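Per Swiss-Prot, the features are:
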- C52-C158: disulfide bond (DISULFID)
- E167: Zn(2+) binding site (BINDING)
- C175-C183: disulfide bond (DISULFID)
Amino acid sequence: QPITESQRLFSIAVSRVQNLHLLAQRLFSDFESSLQTQEQRQLNKIFLQDFCNSDYIISPIDKHETQRSSVLKLLSISYRLVESWEFPSRSLSGAQRNQISEKLSDLKMGIQLLIRANQDGAEMFADSSALQLAPYGNYYQSLGGDESLRRNYELLACFKKDMHKVETYLMVAKCRLSPEANCTL
């Protein structure tokens, strides 16, 4: 049977987020491998006590809640997660920033198209006015030594985590629209 426009858009969006997630994993891995073992242990301890800016975005807490969420809800959460990275991604180094910014913008546009295609008169962001993300810590200030190291670590770890979430949500949403799919996580 022919592929629908919605399925095609989902395939493109999933491919884009997979690419971003792999990039996030590589950047995080490269950063970790540049650290001394002691530095890495310290950063891991600190990060476990901290949280990501995007934790303010209400999203499913486990795979069961993800499975029960509507396609539109998963798309809206994905959109917010991607949007929440537009500003923080600018604080990365030049090459990383260029790689990520364009990909985020493309992914955001793709998710917007998917939301429009899947809306049944539902409001896209019923509670978006309540979503006011605080600036991403001190990422935009020039930081010295250990603080800068910690911020880079947190930024890359959170970016990796959020791209994994978006990838999961888009894959579940895509699966739901596929007639013969078994959508288990």
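One-based numbering along the chain as shown.
Cβ atoms are placed via backbone N, Cα and C, with glycine included.
All features noted in Swiss-Prot, drawn onto the structure.
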residue	record	CB count, 10 Å
C52	disulfide bond	21
C158	disulfide bond	24
E167	Zn(2+) binding site	21
C175	disulfide bond	17
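Across the structure, C175 (disulfide bond) and C158 (disulfide bond) place their CA atoms 26 angstrom apart. In the three-state DSSP scheme, C175 (disulfide bond) falls into the helix class. In the three-state DSSP classification, E167 (Zn(2+) binding site) falls within a helix. In the three-state DSSP scheme, C158 (disulfide bond) falls into the helix class.
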